[in-house]
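**Student:** Pasting a structure below so you can have a look.
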Amino acid sequence: MITIEQVLEVLKKDHNFRDIINQEHYHYSWTGVTFDHLSYDSRDITPSTLFFAKGAGFKLEFLESAVQAGLGFYVAEKDYQVGIPAILVSDIKQAMSLVAQAFYQHPQDKLKLLAFTGTKGKTTASYFAFNILKQSHKPAMLSTMNTTLDGKTFFKSNLTTPESLDLFRMMAEAVSNGMTHLIMEVSSQAYLTKRVYGLTFDVGVFLNISPDHIGPIEHPTFEDYFYHKRLLLKNSQAVIVNSGMNHFDFVAEEVADKDHDFYGKDSENTVKHSSGFSFKAKGKLAGDYDIQLIGDFNQDNAMAAGLACLRLGASLEDIKKGIAQTSVPGRMEILTQANGAKVFVDYAHNGDSLDKLLQVVTDHQKGKISLILGAPGNKGESRRQDFGHVLNTYPEINVILSTDDPNKEDPLTICQEIASHINRKVRIIIDREEAIKTAMSETTGSSDALVIAGKGADAFQIVNGKRTDYAGDIEVAKKYL
């Protein structure tokens, strides 16, 4: 619960309060109202709800339907003149975050908070951290793929970083479940849209950076993307940074006055020797480690998670056990066909992660290698050219372009755009299951491999803004083993 006096105090302290308008009368204060529910969904309303009118696509009819359902107060950046008092603010997203924190009694102060950002690897690193911390603590986790608020039951996530009203509600639930730590993925969009406004993390980890999420509805430029990624570092008590990342010198200078650890090449904390399923680390994590996820980049993610968890109370023994136990749905999942050929299913969905994935596969498989790939519609349009550039460095790979969350675009047009950046002939099979079936029928022996990239564990296709039925890459591949 929260009183209107408390709401106004929060907004005024943040210099975000403008005024309350009611029937053309202006008010600086208001008393005698208590809210027991916060919402930004006009279909989720009670008379004691405080409603937030947010988003570029917000429509007057949404608010009108909420008023009909009994709504008595709303927060907005303008007066919609619907006959009830409006609390006007300069920034609705900032207001949502701070009011939610107060409403849920600041649950972030009752948890140790660990956040990962980066173009790729956030989910894998989060899973490493979850498995490390659960050895001796009680972690909750919010990841792109799955969320757990009790450390035991998992449910599918809708956003990499939830909207602030949902985020602090979930934090409060984690606290009530007795959780001690919370692991989060924090996207650049989370800072762009202020979902984590006012939140300070105990440890923030910057895994890597490469051009992605640049387009009309995301970041206008790489500089904007990079800046919003770095906001995690500004809002963390201690930071962990990959010394092998692009623009590391800049980031290292930026965090020089913070409590920090660097990991990766040319740093104290690095992998000294690695093989497929084990590695030896030096530095703060010195020792021998077993790992289920092959690839140097996964070992780097494990190092990042280990260093972060070391700061949050994990022992070296916890770190070793947690890394050894970690597997991630849709990340480097490997199936073996009857003829011995390997099928790799991975979420790699941008140029950099695709390149890393293909490096691992080509290191291990020396026969014919095929790749099934697509690109999502209406977002991350720069990926299509990036995919082409990467695939031009692997001329021996047989490429089949297919559907991957086309949304409101034509999947054929998306595939043709990717193909236009590839300097050899490729096939287009729009039906993703048919593409997988075809590619698996073309393998001949144990040295061959099929890589199915982009969707990972997603058991849906996004078409015209809605999730449509799709069994998922791993399940489809299992059908044709």
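Note: Cβ is positioned from N, Cα and C throughout, glycine not excepted.
Just so it is clear, the model here is predicted, and its values are computed rather than measured.
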**Student:** Looking at 160-163, 404-407, 444-447, which stretch does Swiss-Prot describe as motif 'L-lysine recognition motif'?
**Tutor:** 404-407
**Student:** Name the residues of the same chain, 6+ apart in sequence, whose Cβ is under 8 Å from the Cβ of THR124 (ATP binding site)?
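**Tutor:** Within the chain, THR124 (ATP binding site) has Cβ neighbours under 8 Å at LEU293, ASN298, ASN301, VAL328, ARG331.
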**Student:** Report the member of THR119, THR123 (the binding-site residues) whose C-beta atom has the most other C-beta atoms within 10 angstroms.
**Tutor:** THR123
**Student:** Around the ATP site formed by GLY118, THR119, LYS120, GLY121, LYS122, THR123, THR124, list the extra residues of the same chain whose Cβ is within 8 Å of the site's Cβ centroid.
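**Tutor:** Apart from GLY118, THR119, LYS120, GLY121, LYS122, THR123, THR124, the close residues are PHE116, ALA125, GLU185, LEU207, ASN208, ASN301, SER353.
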**Student:** Would you count the other CB atoms within 10 A of the CB of LYS229 (N6-carboxylysine), including those on all shown protein chains?
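**Tutor:** Result for LYS229 (N6-carboxylysine): 23 neighbouring Cβ atoms inside 10 Å.
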**Student:** Which ones in the same chain are close to LYS120 (ATP binding site), with CB under 8 Å and 6+ residues apart in sequence?
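**Tutor:** Within the chain, LYS120 (ATP binding site) has Cβ neighbours under 8 Å at LEU207, ASN208, SER210, PHE297, ALA348, ASN350, ASP352, SER353, LYS356.
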